[in-house]
Ligand code: ADP
Ligand code: MG
């Protein structure tokens with residue numbers, strides 16, 4: 001028995017048989033690829049990968065440490081991505097193995113108002129390497145699809161046989177340091193200056209690192225001079241990054257700078273549907289809409305949620321219905337919404353409906369005030385931890401029964417009145433993306 005198998009056996013002792021059979025049993029340890037620092041396990045699908053990363057990775061790492069005597073980095077990855085790569089005979093590609101995620105394709109990227117500009121720019125670059133926008137600079141918040149888009153272009157280039165390097169600033173820096181230490185800088189320069197396409201992710205980390213900025217500048221000049229495509233991403237516009245040499249900052253703006261904004265509700269829905277399709281999870285429209293309205297704009301959360309839903313439903317042998325989804329997402333929402341207050345919610349609702357927050361909290365009985373008040377109460381109940389008496393106090397109502405009466409009323413409106421439901425969804429979305 002190898003060490004990986006031993007660790008899994010030890011894990012079996014610590015968890016229930018059901019959990020073991022559902023998830024851990026499917027893991028296989030790659031004894032050839034694993035090293036003293038890194039242990040590599042394969043899982044059969046993305047859901048199991050996520051589930052194990054979330055729930056067991058620390059345990060596995062701990063058990064490894066006990067057996068091994070030192071810390072080991074645990075990698076859980078998909079079996080077929082590695083196999084697919086193995087079957088590619090192209091040594092060139094392998095040598096430059098740029099670790100592009102094959103599922104980061106244009107087909108899997110859902111386009112909406114928030115990201116269509118960036119999408120169009122990357123797509124155009126993927127069809128005209130080095131000819132249209134060079135460099136192409138994509139910026140936007142966390143989890144909005146920058147890496148996905150950049151790698152989608154990378155995948156296209158790689159399939160055309162181009163030598164593509166995908167790297168983060170951190171990896172680039174580590175590689176640089178290693179080559180300096182080994183006195184093999186020519187090899188470093190050869191590698192980065194002779195590729196066909198260079199993709200560098202999260203370029204904001206160049207900030208205030210002079211040595212690597214200098215090296216990157218020369219890499220940039222060499223590639224740009226040779227008409228090779230460069231794509232960069234960052235969390236901010238080049239002007240806002242700060243701590244960058246002026247010559248670099250200006251070069252970042254030479255080609256095209258495109259932003260990605262948080263997705264609107266429809267785009268989120270499309271993304272969830274796509275992820276369900278990829279991960280073979282079946283969810284009703286209701287549930288998809290619910291997830292889209294409660295999650296933040298950070299798309300990265302979606303995959304975690306789907307894998308949680310799938311995993312729980314398997315473990316507990318239940319179908320995924322709306323109540324079940326609400327339960328599963330509670331933890332996640334509580335974490336995200338810890339800072340969301342009744343005040344913020346009331347303000348956003350008031351602004352949207354063109355009345356004053358104080359009117360919502362008043363005893364006013366006019367139609368639009370009652371409408372706004374109902375919506376605010378309902379959303380506060382859904383998104384905050386406040387109790388019914390707290391809600392009653394905040395909204396100036398008699399007591400908790402008045403609140404519970406209002407909530408009942410709203411639930412029946414949601415059932416019968418499609419426009420009302422849409423309004424609630426829209427506002428919930430607005431509120432959750434503001435936090
Ligand atoms: P960023 O690099 O901007 O932080 P990522 O590219 O890593 O974000 O995206 C986070 C996750 O969200 C990935 O799983 C990605 O596939 C997914 N994602 C983001 N935007 C979209 C989209 N428009 N369509 C499909 N998936 C998306
Ligand atoms: Mg990224």
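Placed from the backbone N, Cα and C atoms, the Cβ positions cover glycine too.
These numbers come from a predicted model, not from an experiment.
Database features (TrEMBL):
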- 1-87: region 'Domain I, interacts with DnaA modulators' (REGION)
- 132-258: domain 'AAA+ ATPase' (DOMAIN)
- 143, 145, 146, 147: ATP binding site (BINDING)
- 314-435: region 'Domain IV, binds dsDNA' (REGION)
- 341-410: domain 'Chromosomal replication initiator DnaA C-terminal' (DOMAIN)
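Checking the binding-site residues 143, 145, 146, 147 for a CB within less than 6 Å of any atom of ligand 2 leaves 146, 147, listed in sequence order.
Comparing Cβ neighbour counts within 10 Å across the binding-site residues 143, 145, the minimum falls on 143. Each of the binding-site residues 146, 147 was scored by other CB atoms within 10 A of its CB, and the lowest score goes to 147. Secondary structure at residue 143 (ATP binding site), taken from DSSP and collapsed to helix, strand or coil, is coil. Residue counts for the region 'Domain IV, binds dsDNA' (314-435) under DSSP (helix as H, G, I; strand as E, B; rest coil) come to 92 helix, 0 strand, 30 coil. One way to see the shell of the ATP site is to take the Cβ centroid of 143, 145, 146, 147; the remaining same-chain residues with a Cβ within 8 Å of it are 140, 142, 144, 148, 149, 233, 260, 299, 300.
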